[in-house]
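First the structure, in the form of structure tokens, and then the observations on it.
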């Protein structure tokens, strides 16, 4: 089987229906139209900004490029895992007459194409719109295209390097956990750099000649962005060197992956793939110290799933980038608003993660008898703990980075704890109530949007307003050491309202289904 035939075979496996050539052409045309529409929208948005901001659009372009690099790496890892371990032809490839080189190259460029879409949808419209707005040189637009391709090649190569090293370390056992753990560690390092050094763009402005040469794909484009000019000869040289870099990256990724193929990467079983190094020790500890069966189930699911940490990477990373510009902890009352919003986001993400296991075992949970109240209590506890740990750690880090006074740190932590507790109770109760409503048992359908919207509208927004009022009075008291009678009255009303909402959340219960089994 040659390379073209394999790609055709793979396309047919992944297509739900046959499409005519006209439909395929229409999809391509629609994609270019979408890019043009995004470019137009960005152009009009840019023209709304004052000239002082537009003059620095090349620097903002560097920020967009840096963020796209991080997102591309994450996307390439997820796509790699899907292509190698979840693809429909995975078992067939063990017996089909096709060379390993063809499999490696096809999957490599499938990942490249997936990442390429990200750059085309974000970087090209942003740079092109700035060119038409008169903020960026035409040469920058021209070298952006090879740069996006180079970034996609780099991201795909990174994913291949990551899983290859993970396979060499594990021989396939727990490969998924190790690879995602390495990615999480790298992402945490990036987040720490962003939060504490608060100048992540400087890492793309390397002055060492050899480093810039070796990592040309990352470091040369930002240099031209800041200079905001490039002549035709330099653009040609940039493109040629980028091509050489891409070929080298492709060769290294191909060679390392080919070595892993010879050692058995293709034949890794699903059982070995999902296995965790520490699962047996944690299972022993859970059986010894945890009595609630649903709590055991959820914890075991989390430690088997690499998504436990990876799902938080994008929101935390995005928030870290915003932290550079806004500095939440030093922005007064806005910090209280940030805590309410950030805690709600983290809690919603955590709930979605916990409910995934219920969705995977919908029929089993519906058919067997169990104590629905026990599920409610254990899910609330675990959701509260995880949400508090993630959001609390991030809030403490930015407070330390911005040298916030201890009074505001204490208030922020109290607010975070209360918001996490209330959101856990409300969200879990609504999910269980909805899952029991239309059946004689617990049947979770995977829908969370309406539940989250209800929480935001009925609980989160009122609490956000109340805590903002309390935070404002705390700032006034710390600065002036006094409050007027009117302020004291408003403070008491806000405080009592918060207490009332906390009490109401403690009274939340769930309705048992008529019969919790078939």
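Each Cβ is built from the backbone N, Cα and C atoms, and glycine gets one as well.
Quick look at what TrEMBL annotates:
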TRANSMEM  29-48  transmembrane segment
TRANSMEM  60-77  transmembrane segment
TRANSMEM  108-132  transmembrane segment
TRANSMEM  138-166  transmembrane segment
TRANSMEM  178-197  transmembrane segment
TRANSMEM  235-261  transmembrane segment
TRANSMEM  309-328  transmembrane segment
TRANSMEM  334-354  transmembrane segment
TRANSMEM  380-403  transmembrane segment
TRANSMEM  409-432  transmembrane segment
TRANSMEM  452-473  transmembrane segment
TRANSMEM  485-503  transmembrane segment
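Counting C-beta pairs under 8 angstroms (sequence separation of 6 or more), the transmembrane segment (138-166) reaches the transmembrane segment (60-77) with 3 or more such pairs.
Panel annotation: around the transmembrane segment (452-473), residues 332-333, 335-337, 339-341, 344, 348, 408, 411, 415, 418-419, 422-423, 426-427, 430, 483, 487, 490-491, 494-495, 497-498, 501, 505 of the same chain, lying at least six beyond its termini, place a Cβ under 8 Å from a Cβ of the stretch. Away from its own ends, the transmembrane segment (485-503) comes close to residues 418, 421-422, 459, 462-463, 466-467, 469-470, 473, 476 of its chain (Cβ-Cβ under 8 Å, at least six residues beyond either end).
Taking residue pairs at least 6 apart in sequence, the transmembrane segment (108-132) and the transmembrane segment (29-48) share three or more C-beta contacts under 8 angstroms. Same-chain residues lying 6+ beyond the ends of the transmembrane segment (108-132) with a Cβ under 8 Å from its Cβ atoms: 10, 31, 34-35, 38-40, 42-43, 46, 57-58, 61, 64-65, 68, 71-72, 75-76, 79-80, 83, 138, 140-141, 144-145, 147-149, 151-153, 155-156, 159-160, 250, 253-254, 257.
Non-local neighbours of the transmembrane segment (334-354) in the same chain are 298, 301-302, 305, 307-308, 311-312, 315, 319, 326, 328, 379, 382-383, 386-387, 390-391, 394-395, 408, 412, 415-416, 419-420, 423-424, 427-428, 431, 448, 452, 455-456, 460, 463-464, 467-468, 470-471; each lies 6+ residues outside the stretch with a CB under 8 Å from one of its CB atoms.
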